[in-house]
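**Q** Below are the structure tokens for one structure; questions will follow.
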């Protein structure tokens, strides 16, 4: 019989090509057993059932082939919360937490403002904002019905009744009078596809990644829509690719000629968020 300790050792060896083999193996084993980390530590001599071992070994094989761990477990962390995910949505990234933190810093104390998250995917941005801004009115938009189903599950899980989900193409289904727009839209450029990790290009939804030839198709379409809907003292925060700061700044300045447009770098020093601030 295989014990929990032995299963973890086997998992680390199977996933040795991963930058985090021990963590990945632990997450898969927790999922197969339906137990948490503390249980694994306290019961490391416990034998796995045949069913749990088979499930764990299948997951290890899929992970070794490049399938992302969050898709295998159905869970991903973001802003201290546990989000449900599937292959219909992009896996929440730590870099996107910076956008949420900037949105919260601006929105706190502004009361019942209207916030729209465009291309919401799993709903991680909208849900995180709703958790922190109890008076705000949140809308979350996505063109994918499958993605909205995942977002709905996360809303029900963390902030029931707080986020209105809308199926639509960018902001076409949303009226004017918005105070804050957040967007983490597809921004991968065509030439970048061959360079993406296999776990991204082979498993994550192209609909959530593909930004067209230059990576800016969706951002280019969003900006004039945002300009027609944002209030005179509103704010827009757009996550971008690390080489897109200058190009998106120019697009934003054309759509918002009176706005203050800046680029916020991430913790690695790369351009990451374009900030469009209206002065009223």
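Placement of Cβ uses the backbone N, Cα and C atoms for every residue, glycine included.
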**Q** Pick the one from 142, 169 that TrEMBL also lists for the S-adenosyl-L-methionine site with 119, 120, 121, 122, 123, 184.
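**A** As annotated by TrEMBL, 119, 120, 121, 122, 123, 184 share the S-adenosyl-L-methionine site with 142, chosen from 142, 169.
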**Q** Neighbourhood of the S-adenosyl-L-methionine site (119, 120, 121, 122, 123, 142, 184): other residues with Cβ within 8 Å of the Cβ centroid, in order?
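**A** Near the S-adenosyl-L-methionine site, beyond 119, 120, 121, 122, 123, 142, 184, sit 89, 90, 117, 124, 125, 126, 140, 147, 151, 208.
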**Q** Find the average pLDDT over the domain 'Release factor glutamine methyltransferase N-terminal' (6-74) in the predicted model and report it.
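**A** Mean model confidence (pLDDT) across the domain 'Release factor glutamine methyltransferase N-terminal' (6-74) is 97.
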**Q** Taking 10 A as the limit, how many CB atoms besides its own sit near the CB of residue 120 (S-adenosyl-L-methionine binding site)?
**A** 30
**Q** Max Cα-Cα distance in Å among 119, 120, 121, 122, 123, 142, 184, the residues listed as binding S-adenosyl-L-methionine?
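**A** Largest pairwise Cα separation, rounded: 11 Å.
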**Q** Using other CB atoms within 10 angstroms as the count, which residue among the binding-site residues 119, 121, 123 scores least?
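**A** Across 119, 121, 123, these binding-site residues, the one with fewest Cβ atoms within 10 Å is 119.
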**Q** Long-range same-chain neighbours of residue 184 (S-adenosyl-L-methionine binding site), Cβ under 8 Å, sequence gap at least 6?
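**A** Within the chain, residue 184 (S-adenosyl-L-methionine binding site) has Cβ neighbours under 8 Å at 90, 96, 99, 119, 121, 125, 238, 239.
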